[in-house]
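Just below is one structure, and these are the notes that go with it.
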Amino acid sequence: MLKKIGILTSGGDSQGMNAAIAGVIKTAHAKGLETYIIRDGYLGLINNWIEVVDNNFADSIMLLGGTVIGSARLPEFKDPEVQKKAVDILKKQEIAALVVIGGDGSYQGAQRLTELGINCIALPGTIDNDITSSDYTIGFDTAINIVVEAIDRLRDTMQSHNRCSIVEVMGHACGDIALYAGIAGGADIISINEAALSETEIADRVAMLHQAQKRSVIVVVSEMIYPDVHKLAKLVESKSGYITRATVLGHTQRGGNPTAMDRYRAFQMAQFAVEQIIAGVGGLAIGNQGDQIIARPIMEALSIPRSSRKEIWAKFDQLNQNIYQKS
């Protein structure tokens, strides 16, 4: 009979992870189950950094950014011997089920543990929104709000000084942060991984905006496209006539209090995860589709192709080009 549930967060942190942790703890305790936190992800698991917690632990964490139980990356977890050690530790603690919050790598670890006898449920915790089995990942909403606020602030000062700002945002190989925040922030040019503009194209477009006498320009780009955005800024400046500066937002996108939407989604998914565990089901990835919380086998979730954002990007890009070409 199931008596104990474990929780770990793995990989890069994201806002809303603590709301998911709180959701697991509160739901499990309401069902009469003990909850155990595992410090620092899979690294903590193989080192037996496991602690029992109660509802008091969950009471004040939903508003906090990051993950209060810590996270770490552990490439060695792919090793079958390391996986076996993790299973042995969980079984010794009589923890028969685990909620894993993280990205693709965390999902793969959860799948392997499920195959070895520990029922695992995975929740999509990453600001990048690159878990294809879920419309939105935990932390994405907060991240794009942070980026929009940064764009707003940069626009103020660029407008004051008649300048151009290039803003590089996170996303790994997914352009959703740049696309969503760029559109919401009123960017003039957006370059994402699947619709990447060349450095020369960006410089030429900024030059056209200068010719159209636009007072300020905001360019939003995804990371991992351009080797050095500061050098890109120098190129843009040399070709456009604008003094141009680059801002790399970096890890500011992963910190701070989660938005209401991230807390809400994370808590809902956590509740659903515990319900699946109580039903005796493991090896599932939880996500959202529209307003619905859904579950899929982890391996199926990992195999879903990413939906293209090219059409959304193209409509926005064409609209902006029409505006400044007619100016």
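Just so you know, glycine gets a Cβ as well, placed from its N, Cα and C.
The annotation ATP binding site is assigned in Swiss-Prot to Gly12, Arg73, Leu74, Gly103, Asp104, Gly105, Ser106. Sequence annotations record features per position, and here Swiss-Prot assigns Mg(2+) binding site to Asp104 based on sequence analysis. Residues or ranges marked as substrate binding site in Swiss-Prot (evidence: sequence analysis): Thr126, Ile127, Asp128, Arg163, Met170, Gly171, His172, Glu223, Arg245, His251, Thr252, Gln253, Arg254. For Asp128, the entry in Swiss-Prot reads active site, proton acceptor. Residues annotated as ADP binding site in Swiss-Prot: Arg155, Gly186, Ala187, Asp188, Lys214, Arg215, Ser216.
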Candidates Gly12, Arg73, Asp104, His172, Arg254 (binding-site residues) - the one closest to Asp188 (ADP binding site) by CA: His172
Among Leu74, Ala187, which are binding-site residues, the residue with the most C-beta atoms within 10 angstroms of its C-beta: Ala187
Other CB atoms within 10 A, centred on Arg215 (ADP binding site): 13
Alpha-carbon distance [Thr126 (substrate binding site); Ser216 (ADP binding site)] in Å: 32
Neighbours of Gly103 (ATP binding site) among the binding-site residues Thr126, Arg155, Lys214 (Cα to Cα, within 10 Å): Thr126
Cα distance (Å, whole number) from Arg73 (ATP binding site) to Arg155 (ADP binding site): 36
Cβ-centroid neighbourhood (8 Å) of the ATP site, Gly12, Arg73, Leu74, Gly103, Asp104, Gly105, Ser106 excluded: Ser10, Gly11, Gly41, Gly102, Gly109
Surrounding CB atoms that lie within 10 Å of the CB of Gly103 (ATP binding site), all protein chains: 21
Env. residues of ADP site, Cβ within 8 Å of mean position of Arg155, Gly186, Ala187, Asp188, Lys214, Arg215, Ser216 Cβ: Met158, Gln159, Val217, Ile218
